[in-house]
Amino acid sequence: MKNTFSKFKNNVVNAFSNGPKTTDTNFETARREFTAFSEATNNTYQSLVKHDKNLKKTFIDPSSLNKNIQKYFVSDHPLCIYTTEVLKQVEFSFNDWVESQKTNYDLLQQYVARIKFIRESILDRDGVVGELDRSAGKIKDLQAKPSKDPHKLPNEQNFYNAKKEQYDVLNYKLLSDISQFFEDKQSQFDRPLQNIILSLGYLFTSISTNHSKHTALLEKNPPYFNPVKDLVGVAPTSYTTQESIGKSFDNPPPPLSLRKSSSPPIPNGANNNQQQYNGNGHDSYQPPQPAYQPPQQQTYQPPQPSYQPPQPSYQPPQQAAPPPRPVSVQYQPPQAAPPRPAPHQPSYQPPQQAAPPRPAPPQPSHQAGPPPPRPSAPGVYPGPGVYKLPAQQDQQGPPPPRPTGGRPQLPSAPTTQYQPPSQYQPPTQYQPPSQYQPPTQYQPPQQQQQQQQHQQYQPPQYNPQQSYDSDFVNEQANGYATSVVTNPEYQRAAGNAAANKANDPRVQGQVGGQIANNTSNPYLKSAASNSKVQGAAGKGFGFAARNETVQNAAGNAAANQINNRQY
């Protein structure tokens, strides 16, 4: 009895151990492959069906363009006649194409239908696996705790064996169907789809040939139709209507070059209210040439006599840089600025030297000493005629800059405008002033000599009994400076020099460092310290400096500033 029970137990264990598992690795791999492939196949087929519906809607559907033309256009219209003739052939070509591709569509439809059958078989197989798992669980429980019914365990074993046989058959058949589904892809899906796409070319060729055969109908003029024309009435006298659009097909359209709506814009905007349209596509506007004044003729006008000089109390300028060339000379400015010579006809001949970035003052007839010191920062001193003085000033205040030494040797000036004073004395009799008070923020010559030991400067003394012909000299110097800054060659040279400096990485770094040091904004500080930002800004400034218009504007602005100075 004991041996019989042990044998029975071993048979059950062996049967259970050789049964199907809940997870079959081979089947799960086949399941994943089939799921991905079936989804791609089904989506491709659905897109083909949608494509065929769109073709039908394009050519023969009631909502197609040809059908709507026949519905809304009159029967004698060229479009209606064209669509009537074309639709006959299009419908025949489309129906013939559908009939010729019926076999290919049947193969695709049958192949896609197998996807549903395989999915249902997978569900049946999963159901059998579930029953096997439940039966194996019952057998295990009966072996652990035998039942009072001796037939219960054998019956469960028989049920398990039957389900296992069913599972083996179903699992093999399902794996075979999935494998055959992949095998039939080439002949039952790929090739039919290729044949359908290939046949589209013949369909489109037939439609294109039919269209070309009836294109002559579209070249006819459409019938004229305007039921509102008689309701418009008579046009006002100030309005000129165009010709009827119904006659536009009888005459060729005017050339495109004659259709411009307006003349080129005038810089001063004088043509804003002068344009009149004559109705034939041409413009009768003629820009009034006398009304336009180029800005070059207005940039060198002297300041108006209404200029009031400052009060006698001198307030030194609050600037970080010292004023250039202080000379202790007192003079009386004219009440009204007399007319100055034109900038393009200077009476003073400058010395023979290359045009520097800053115009140099006239050379005196004799040497009275070295020139006064200039500010240490490069490019700060802009030349003569940049420092304004009040009308009356104490002898201790700084006078305007002027050429060092005596009166320069100038050619004969136009006596009709300027008469030099007869009381002029050579500056050789000037004596140094007994007391010299520098202006605010200006270091006296003794301190400046310590900073700039290579320069020596002795300010001249002003003699009250003598009068200095400052107006005449300043006018000559202004004329020379104006002629220099308005010279195109000088403007080009100065623009190129500024562009070269702007494109120099060292200069860009210095300017960016100064901006970063002087600002408290972290974003501006970061941008100013960025080499890419510095390079982009330098390139932009250099491009502007090389522009002829910018150079001309800068020269004109400098000329205006020179001519507006009062000494």
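In case you wondered, yes, glycine gets a Cβ from its N, Cα and C as well.
What TrEMBL says about this one:
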COMPBIAS  257-286  compositional bias 'Low complexity'
COMPBIAS  302-326  compositional bias 'Pro residues'
COMPBIAS  335-344  compositional bias 'Pro residues'
COMPBIAS  353-376  compositional bias 'Pro residues'
COMPBIAS  377-396  compositional bias 'Low complexity'
COMPBIAS  404-468  compositional bias 'Low complexity'
COMPBIAS  473-489  compositional bias 'Polar residues'
COMPBIAS  493-502  compositional bias 'Low complexity'
COMPBIAS  515-526  compositional bias 'Polar residues'
REGION    242-526  region 'Disordered'
Original post:
How do the residues of the compositional bias 'Low complexity' (493-502) split into helix, strand and coil according to DSSP?
Top reply: 10 helix, 0 strand, 0 coil
Original post:
Per DSSP, what is the residue tally for the compositional bias 'Polar residues' (473-489) in helix, strand and coil?
Top reply: 15 helix, 0 strand, 2 coil
Original post:
When DSSP states are grouped into helix, strand and coil, how many residues of the compositional bias 'Polar residues' (515-526) land in each?
Top reply: 9 helix, 0 strand, 3 coil
